[in-house]
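Annotated features in TrEMBL:
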- B:18-27: domain 'Uroporphyrinogen decarboxylase (URO-D)' (DOMAIN)
- B:ARG23, B:GLN24, B:ALA25, B:GLY26, B:ARG27, B:ASP72, B:TYR145, B:THR200, B:HIS312: substrate binding site (BINDING)
- B:ASP72: site 'Transition state stabilizer' (SITE)
- B:133-149: domain 'Uroporphyrinogen decarboxylase (URO-D)' (DOMAIN)
Number of protein chains: 2
Amino acid sequence: MKDAFLKACQGIRPSYTPVWFMRQAGRYMPEYQKIRQKYDFLTMCKTPEIAAEVTLQPVKILNVDAAILFSDILIPLEAMGLKIDFIDKGPEVSPVIRTGFDLKNLKEFDLSAVDFVFETIKILIKELDVPLIGFSASPFTLATYVIEGGSSKDFVNTKRFIFSEPQNFHRLMETLTEATTKYLIEQINAGVHAVQIFDTWAGILSPFDYGIFCKPYLEKILKQISMSVPLIYYCSNTSGLLNQIKDLEFDVFSLDWRVDIKDACFYLNYRPIQGNLDPLVLLGREDEILKRVKNVLIDGNSAKSHIFNLGHGVNINTNVDVLKKVVDFIHEFRFEEV
Amino acid sequence: MKDAFLKACQGIRPSYTPVWFMRQAGRYMPEYQKIRQKYDFLTMCKTPEIAAEVTLQPVKILNVDAAILFSDILIPLEAMGLKIDFIDKGPEVSPVIRTGFDLKNLKEFDLSAVDFVFETIKILIKELDVPLIGFSASPFTLATYVIEGGSSKDFVNTKRFIFSEPQNFHRLMETLTEATTKYLIEQINAGVHAVQIFDTWAGILSPFDYGIFCKPYLEKILKQISMSVPLIYYCSNTSGLLNQIKDLEFDVFSLDWRVDIKDACFYLNYRPIQGNLDPLVLLGREDEILKRVKNVLIDGNSAKSHIFNLGHGVNINTNVDVLKKVVDFIHEFRFEEV
């Protein structure tokens, strides 16, 4: 198995910078669209053969150094008694949980209800020649979906819950943390080589409130998960939270594009970094793209080790050939030539 | 005239921390709604007597230490030949400018077309017993509206323009910078006591691209505007950009809630700070609100001087009595008691 990605996770610098892309299996890819035309998104997630096929596509086509399980961060919510749906304008979760009273709607996490995830993993580890990354949302990010009933512009309901009923919000977080921990451990048991926690929405909190309502639950997960595989933490809108995030014992910190890797390294004590090209740079001119890819590579050299990635998922308008060119450029790049 | 706000702008600490709120004149206030029921938003902006009345409302009702001109950041676009409209789902600008070819739709800024703004200012400076803040969007933030035709979730069109036609994007920025400069100078001539530049969307850029596509135009404005009144810079999602922002010679830096004032002070060399309570904290329980107001006051004490504000505009669901209580709490707060 190609080991550049796992080496970098462990703080070792392989001979070239490993690269994969968040949402590398997705709608921007014609091969994905072909399958998506036959099945709805949730069916794709729940059918191990299809989920495995879609996971493999970008590995073959783009030549990336890691695969990420094709699934969705909301999948565990179904195993907690909520209904999830994916419509054009985004994901929907029901019923919403906005008060302590609503907490009764959230059932204990039933691992067997997401068995298809572990089946997909078992298929993939036989097929892949690169490491497989499992994942879940952070408890806080899951909480925002449960409270808002989907995505949100300003997260009014989440904030109202937090600041009106902080104790009940903590109860919600306890339940979601327990589920997330079980879910990640079972993915590791099924064979994933690394896991990434997506904290897509923690960036809506002030550093003070991140410290109260988000961080303790990540610490709880870190304490309970076997450290046999690298744990990656992705938080969008990280920059203001770095002084909090630095205390978390993740192996790799995945940064969004709105922070300078060099600034982040200062806070994170030069630990392994993943990231952080602005995904929308890829919609631009080739010279502008490659200039910025090179910048990220050079910035990444400040860290103990660096895994190239985007600061957010691949945008649907991205051209596959552009991504291929970026992967080749990264693989061929050597620091001595800078 | 009460001078606590202007003193703080100059780096002097008055006997109490001055406070005002972004979007303090707005829909959360019943007195505002009463007028809004009779006139549409644009008519309110364009009628000096109404705009002045609405500007005065929060000063009288909340007892804040500064007034901010009631207007909208998109107003100057009409004086450049574009059509602006305010519908339920947000502002609309047309025609959109997405290529170098489209630049012809942007006319030279016609000061006389926004004379109502300067008339409003002239009425207000006679009426007010607190300083009046004028404002404009930053050229970059204006550019996003011109390109997207309104607000946006991910600013795909803006990024595509920037990274596909960087030279043409710079041409757009030149035109918008010239307009913004003229607009601010004329507000100062009409009598405002301070001006704030709203860079609501600069936070979508990486620090590298902020340095290329946003910062040089702010430097240009700073060079051309008479420094006779304090200049405040508000940038949302500031944290990752502080290492760039620190070079800008604004008098006051207004921070959003996603950054710790103490961290920001380190980058900004302890210059005057404005901000930065999460506006949605105000939807919570009184004890949770006042705990965080106090935190912000204590954090603000790290800076040379501090003007209390929110990290973003007042949310429509905010209760006026809560805001009153917050203003009183801030005015009565003394550091020796901490």
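A Cβ is built for glycine as well, from the same backbone N, Cα and C atoms used for every other residue.
Remember, TrEMBL labels are computer predictions, not curated facts.
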Substrate binding residues B:ARG23, B:GLN24, B:ALA25, B:GLY26, B:ARG27, B:ASP72, B:TYR145, B:THR200, B:HIS312: largest Cα-Cα distance, in Å and rounded to whole number: 23
Rounded Cα separation (Å) that holds between B:TYR145 (substrate binding site) and B:ASP72 (site 'Transition state stabilizer'): 12
For B:ARG23 (substrate binding site): intrachain residues, at least 6 apart, with Cβ closer than 8 Å: B:GLY313, B:VAL314
Arithmetic mean of per-residue pLDDT over the domain 'Uroporphyrinogen decarboxylase (URO-D)' (B:18-27): 97
Residues near B:ASP72 (site 'Transition state stabilizer') in space but at least six apart in sequence (CB under 8 A): B:PHE41, B:CYS45, B:ILE84, B:PHE86, B:PRO91
Number of other Cβ atoms within 10 Å of the Cβ of B:TYR145 (substrate binding site) across all protein chains: 25
Site of maximum Cβ density within 10 Å, from binding-site residues B:ARG27, B:HIS312: B:HIS312
Protein Cβ atoms within 10 Å of B:ALA25 (substrate binding site), excluding its own: 24
